[in-house]
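Comments concern the structure below.
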4 protein chains.
Amino acid sequence: MAGNNFGKLFRVTTFGESHGYALGGIIDGCPSGLKLNFEEINNELNRRKPGQSSIVTQRKESDEVIFLSGIFNGLTTGTPIGFIIKNKDHNSKDYFNLKEIYRPSHSDFTYYKKYGIRDYRGGGRSSARETVSRVVAGAIAKQLLKIYNIFIKAYVSSIGNLNFSENYNKLDLSKIENTPIRCPDIKLSEKMIYYINNIRKKGDTIGGIITCNIKNVPIGIGEPVFDKLHAELGKAMLSINAVKVFEYGSGFVGTKIKGSNHNDIFTNNETTKTNFSGGIQGGLSNGMDIYFNVGFKPVATIMNKQKSIDINFFKNQILVKGRHDPCVLPRAVPIVEAMSALVLYDNMLNNRVYKI
Amino acid sequence: MAGNNFGKLFRVTTFGESHGYALGGIIDGCPSGLKLNFEEINNELNRRKPGQSSIVTQRKESDEVIFLSGIFNGLTTGTPIGFIIKNKDHNSKDYFNLKEIYRPSHSDFTYYKKYGIRDYRGGGRSSARETVSRVVAGAIAKQLLKIYNIFIKAYVSSIGNLNFSENYNKLDLSKIENTPIRCPDIKLSEKMIYYINNIRKKGDTIGGIITCNIKNVPIGIGEPVFDKLHAELGKAMLSINAVKVFEYGSGFVGTKIKGSNHNDIFTNNETTKTNFSGGIQGGLSNGMDIYFNVGFKPVATIMNKQKSIDINFFKNQILVKGRHDPCVLPRAVPIVEAMSALVLYDNMLNNRVYKI
Amino acid sequence: MAGNNFGKLFRVTTFGESHGYALGGIIDGCPSGLKLNFEEINNELNRRKPGQSSIVTQRKESDEVIFLSGIFNGLTTGTPIGFIIKNKDHNSKDYFNLKEIYRPSHSDFTYYKKYGIRDYRGGGRSSARETVSRVVAGAIAKQLLKIYNIFIKAYVSSIGNLNFSENYNKLDLSKIENTPIRCPDIKLSEKMIYYINNIRKKGDTIGGIITCNIKNVPIGIGEPVFDKLHAELGKAMLSINAVKVFEYGSGFVGTKIKGSNHNDIFTNNETTKTNFSGGIQGGLSNGMDIYFNVGFKPVATIMNKQKSIDINFFKNQILVKGRHDPCVLPRAVPIVEAMSALVLYDNMLNNRVYKI
Amino acid sequence: MAGNNFGKLFRVTTFGESHGYALGGIIDGCPSGLKLNFEEINNELNRRKPGQSSIVTQRKESDEVIFLSGIFNGLTTGTPIGFIIKNKDHNSKDYFNLKEIYRPSHSDFTYYKKYGIRDYRGGGRSSARETVSRVVAGAIAKQLLKIYNIFIKAYVSSIGNLNFSENYNKLDLSKIENTPIRCPDIKLSEKMIYYINNIRKKGDTIGGIITCNIKNVPIGIGEPVFDKLHAELGKAMLSINAVKVFEYGSGFVGTKIKGSNHNDIFTNNETTKTNFSGGIQGGLSNGMDIYFNVGFKPVATIMNKQKSIDINFFKNQILVKGRHDPCVLPRAVPIVEAMSALVLYDNMLNNRVYKI
């Protein structure tokens, strides 16, 4: 119950701190016989890794995953897949001056109060570095989903006040990786990059919204009542560092539309004319595209002096060193996809069960 | 894994359909020695029940809970609390004409596809009638939280486009129950009621937003990584029928603010000047007020003719009979509180564990 | 984590005390589309019920199960099956004199210490009356297993020192129900009945062994490492009141045989010549008959005066009133079968998952 | 649900195959602030490791554990403890001739049938090598239990037909480690060693019984109904490779004693005169010593030719190479203790929860 595992049948447990020896995890419940594509796994890690462009942190972490078990002659064996990612560029010295000061809007204070001990090196377990293990597990889930022709595509749809009003149907999602911001609208992405570079120069940070789209989910995936598919997706997204919002389908806009306009009318081939439902009815997939938005707050680590207190409640000042992200969204795109893949595949496995 | 239970240590499992013999549940993990206040439990049920005012459905369900176990001489014994609520006013005949037609934006279609069978009587298990069991369990969780002085207050903050911009700190939350809409701003609530009555007359429906505020949560409640406190709250809210959105703290607005303005600066007594964090840092409560918004779509059941298809994919028309809610929000307020209580108390229990 | 549920995918949660209003449970995860045979369910309850013969307790409990949900037009719907069994013949007055005395080798003392409260009426939750809910759930699991031609037969193989040396293969298991003791060896069963009647006249009690045999389990059922099939069966059996021993396959005898004699040599059609393995290899079923023994201690409630202490640690005497079993084994046979069915079907569901 | 984790609140997940790169695991739920004694952890690994004496396998595995996370400055931090043990002396070539043959009474056949793939190198995941991870986790649980003065001592009480009739109370448990067989009766242990050496020379194997004794468990540990303390202990023991039997307290002998002799009469200070109950009443600890027996079958790998079949069902012969244990019991003693520690500490954590 200590919060470090995810999923029921395809269950991922992770470990590791930002400045420890290694991070990693165990995937328990991966079916046997999958030929793993290691290049694709590395590709996902590269999409998440720091230092990939000018608009993200300049820390260098190569993030190589080493698989320790569960694979024999390139095939999964049905036994647990253990893996580690060693920490290399972990300069703990950057954090010595923070040893006894709480960084504002970080979890330094709450972790110390909960555990009575504090790994002050870069947030320890609470660092977003932990998501590297999620990306490995998610990359495997993606390969399993591909067997069923299910594809997940996330992209940045807003940065601060910069956003498009276009529906995702109008976008060419093949262009997501064309720019470092991972926004499929090239013109808008240029504005976003310019804006983030400005933010970075001032030592400040900004948030935004990632939209995720999932295609070809069979009808009936998800469980009723407490474990509705969108509730599981929501929990998965809200578990990602810095996420403050989850909405699916019509979302906030849907709270303002009358029922007569909001209802998705069936055509005569199991699809609906509109998709305000976001591909989910009563917690179960209805065969239409699933789509949702994930809102991120600005990164808490800014490069300017801030007031704070230390562990003895004395007033203090804080000035963070090191290399940090002015905007976490481009690197969060593969994390959103990874968590979506974990939810989807887990529910796909679960759905096999309840037919005689 | 069939989705009908909630919580880890304070675990609630529910059963029952809208037109079956009874609904109910089992609360497993309730500590022994709690003197149950049955009047308070009934009060919560009355806040949720249909027919309580002109702006909700006129169906009459008295919703009496019968406790079958786990209580001896008025005290909980630490053994599972079984309870049932009998269905009385269940007029299945209203649904005969819907037997083979899928209601738009309901789960008729997805349930039929998943299970190969359909309880067409009012949605069966997918009906919001199921939440009656959640309210019973939540009412008990509330009584347990009261021991720790933790209070949960939810209220309607928007209906359609009618909303206030006031921060919840400025509101007098003691007025929530003064109007049938459960909005503490009396003037706004009158507008909302007028608006809903108009919607109802036209056979239409509307959604809105419920805000929830939790006071006096100790520091450190919640679990890191996957089971962050706000992720659990998010899942709980998204599991409620018709919910499309969850945001906490600064939420959507927070995605547009720079880090230098968004960070919550510590004062010198463990509190922060601002509370953009919404009382949660790194997934753990930080001792400040927890607050979040829950967005509801309009009720799918409208009183006007709609196009649809039947189970053989023939085009058809649908006209729903019976008595239905034009707006679900007033009755959803106690459900939001109940689910919040379940999350909070479960995490309170869990927090006892990880100190030596 | 409070111990009142069993199973992972076919999950049963039970509630109820021996002298409360009702016992019951929820079956979550029953596949849709099963046509329930209610007569068979009643038949299992009758095999467990008190008063069925002279060698068991003369209490009369009719044990009618009322299903509250999850069934529509006689078919399971895939939603949770709630059920209750009302308590009728619960004469709490028999227990007033025990209100403050701990009955030896009962759980009065440990429950009081754990929960700080005591339901003194017949043991409350700790009473074997709780198993009535298990029998209902097990009867449904049996019907699901029948679809796969899997049959479970348990029988009494020893009472005190009376036991047969015959291997179960030599027994005619169709005769189990021919005698009230549920032993398929008619001669031996007469001796057992005579012996138990003598025990009963002296106000004493006796234990014994139940053997269980499961046929036609497909190869590969069970999970490796911690959740081996025999480990799950062992836990299930040890959870039944009064059970002290679980052995499967060669069991105790197997600890004394050399490997060269104990190994089960394969024939050339996937079967083995001997079956010391008891149908399970490495925690997974191997297609041979599964068989195991379950040992029960004598019932703790005897009809003679015993020394004890009361809750204030004063010496006291205890003389139990009421109608109690001199030997629990005949009534425990359907409980052993029910728990076996729950384990088997849960593992059957689980086995569907891990093939691509 | 794939069977590779154990425990609810102190949850251990393991991975690794006998001839893979490494084995290891994650401990999730270890409280913060424990000063780990690494020497004690190594000592437990040494008690389990091969090559420690003439009566066990002569394979050399040094079994060094590397901790990857969850520890900072020698103290546990409350975050997950990841660890690995690298495989060094893994001579897979010994297994090439077994690539397509099923070893009798091993899980080669059942694993191949379940997963459709086979890691033929020394049993892969099904090898008892997996228990090395359990010993690491158990060693940490032991250190946590020591805080509460709880001690667990296991010893070999029978090998084949060699056993003592002495009650464990008469034994000097401090002598367990004095002989390589781990039997506290020195005379008997010499006979056992002589016997095993003879067995080994003939290429044969033998089983036996390990007895485990747990002192100072507080009253009320365990959960009622399905998760009784002895049911959890039973499952834990039955999950260890080669275990066929679990009995606690009076066990098999108890099935033959009358209730009037079997009941444990209270003295006037919360203890009982006898302890047929084995320290557990109604599934909850009663403060007396907990004791149980664990029966092991002979090791399936013998050094003589055996008949078998290959994966195409052709008759074949098998002659195993490599270095194997003639008797697994001396090395299984620390495994029995480790699993006992995991059960006990998990239940200790759980017991904190259900008091208001």
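Using N, Cα and C of the backbone, Cβ positions are placed for all residues, glycine too.
Note that this is a predicted model, so its numbers are computed, not measured.
Record features (Swiss-Prot):
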BINDING   C:R48  NADP(+) binding site
BINDING   C:R125, C:S126, C:S127, C:N241, C:A242, C:G282, C:K297, C:P298, C:V299, C:A300, C:T301, C:R323  FMN binding site
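This view paints the features noted in Swiss-Prot onto the structure.
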residue: C:R48; record: NADP(+) binding site; Cβ contacts under 8 Å, 6 or more apart: C:D63, C:T131, C:V132, C:V135, C:R331, C:P334, C:I335
residue: C:R125; record: FMN binding site; Cβ contacts under 8 Å, 6 or more apart: C:G16, C:E17, C:S18, C:Y111, C:D119
residue: C:S127; record: FMN binding site; Cβ contacts under 8 Å, 6 or more apart: C:E17, C:S18, C:N241
residue: C:A242; record: FMN binding site; Cβ contacts under 8 Å, 6 or more apart: C:A128, C:G207, C:F296, C:K297, C:V299, C:A300, C:V328, C:A332
residue: C:T301; record: FMN binding site; Cβ contacts under 8 Å, 6 or more apart: C:R103, C:H106, C:T205, C:V320, C:H324, C:D325
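Summarising the FMN site geometry, the residues cited as binding it (C:R125, C:S126, C:S127, C:N241, C:A242, C:G282, C:K297, C:P298, C:V299, C:A300, C:T301, C:R323) extend over a maximum Cα to Cα distance of 45 Å.
Note: C:R125, C:K297, C:V299, taken in sequence order from the binding-site residues C:R48, C:R125, C:S127, C:A242, C:K297, C:V299, have a C-beta within a distance under 8 Å of a chain D C-beta.
Proximity to chain B, defined as a C-beta distance under 8 Å, is registered for the following binding-site residues out of C:R48, C:R125, C:V299: C:R125. Sorting the binding-site residues C:K297, C:V299 by the number of other Cβ atoms within 10 Å puts C:K297 first. According to DSSP, the residue listed as 'NADP(+) binding site' sits within a helical segment.
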